[in-house]
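Trainee: One structure, as structure tokens, below. Some questions next.
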Amino acid sequence: MGKYNQSSVTEFVLLGLTGYPELEAIYFVLVLCMYLMILLGNGVIITVSVCDSHLHTPMYFFLSNLSFLDICYTSSSIPLFLSSFLTSKKTISFSGCGVQMFLSFAMGATECVLLSMMAFDRYVAICNPLRYPIVMSKTSYVPMAAGSWIAGAVNSVLQTSLAMKLPFCGDNVINHFTCEILAVLKLACADISINIISMVVANVIFLVAPVLFIFISYVFILSTILRIPSAEGKQKAFSTCSAHLTVVIIFYGTILFMYAKPKAKDSSGADKEQVTDKIISLFYGVVTPMLNPLIYSLRNKDVKAAVKNILCRKPFLQGM
């Protein structure tokens, strides 16, 4: 390790869409609008879940956690991403890169576990409705949510510490919008096999295992719904889990598309592929958190009623 000069790199340059100025202006406006919608939409979900006693249920507790997570995840990178369009300086400090990497990993892993917890909640509600108040009591769902956050944080500490301990002794240009770990690892001038192995193990734990758990849960859910005799009963049962299923498909579908698509072999195709990967990453990091509150609220009578109650309550409070 003595032959490496790790202190030579004190900051990283985030390449982003440099070289595509015609795209920068468009994406600045789009991302800014979407970020404001993320703050507004997820903020409304959190507010109504806390203020309306009718929404003090496991499902909305998990949903408010998901909304808070989405705000934290986007706020860890989007403000820096937006500021890079307004200045020629597109750098981030070494420690700032580590913090951004930690938050990104922690929020991503937590969301994977949290979505599986929400699937379990829907499984109990539909397949064992009589036992639902007992199985999903407050003493159960609060530790489940807390465990999701703790597991994500522990994984993030491990992955981030392994990455930031590597020596970086040359190129400091990250070909990405943010300190994405794979882009950072390419700059290391040391063996990264331990990092790759730890990431593979983490992917199995936080991606593959939750997907299998969600899949098995919905197999039981669908089999239960199909046994309901009336069409109205089937529709009502499916509507209680359709929003969660939609979010899961968008979340994991984007991840699958990002990492499973074939790689270009020629240099020109590789350049286009890098731009495409960045845009897909942007979709994963911004569009998905923006859609979550819309998906959960558009056809949700409880959320609509809660928002209406809060809005109607304001004039009364102001009069007092």
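Note that Cβ sites are derived from N, Cα and C of the backbone, with glycine treated the same way.
As annotated in TrEMBL:
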TRANSMEM  25-48  transmembrane segment
DOMAIN    41-296  domain 'G-protein coupled receptors family 1 profile'
TRANSMEM  60-82  transmembrane segment
TRANSMEM  102-120  transmembrane segment
TRANSMEM  141-158  transmembrane segment
TRANSMEM  192-225  transmembrane segment
TRANSMEM  237-259  transmembrane segment
TRANSMEM  279-298  transmembrane segment
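Where in this structure would I find these features, and how exposed are they?
Mentor: Beyond the ends of the transmembrane segment (25-48), by six or more residues, the same chain brings 17, 55, 63-64, 67-68, 70-71, 74, 78, 81-82, 85, 282, 286-287, 289-290, 292-294, 296-297, 303, 306-307, 310 to within a C-beta distance below 8 angstroms of the stretch.
Away from its own ends, the transmembrane segment (102-120) comes close to residues 59, 62-63, 65-66, 69-70, 72-73, 76-77, 141, 144-145, 147-149, 151-153, 155-157, 159-160, 178-181, 202, 206-207, 209-210, 213-214, 217-218, 244, 247-248, 251 of its chain (Cβ-Cβ under 8 Å, at least six residues beyond either end).
Sequence-distant contacts of the transmembrane segment (192-225) (same chain, six or more residues past either end, CB-CB distance under 8 Å): 108-109, 112-113, 115-116, 119-120, 122-123, 126-127, 151-152, 155, 158-159, 162-163, 166, 181, 185, 234, 237-238, 241, 245, 248, 252, 255.
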Trainee: On average, what pLDDT score does this prediction assign to the domain 'G-protein coupled receptors family 1 profile' (41-296)?
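Mentor: That stretch averages a pLDDT of 86.
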Trainee: State the non-local partners of the transmembrane segment (60-82) in its own chain: residues 6+ outside its ends, Cβ under 8 Å from one of its Cβ atoms.
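Mentor: That would be 14, 16, 28, 31-32, 35, 38-39, 41-43, 45-46, 49-50, 92, 99-100, 103-104, 107-108, 110-111, 114-115, 117-118, 121, 141-142, 145, 148-149, 177-178, 285-286, 288-289, 292-293, 296, 302.
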Trainee: Take the transmembrane segment (141-158) and find every residue of the same chain, 6 or more past its ends, with a Cβ under 8 Å from one of its Cβ atoms.
Mentor: 58, 61-62, 65, 101-103, 105-114, 117, 120-121, 198, 202, 205-206
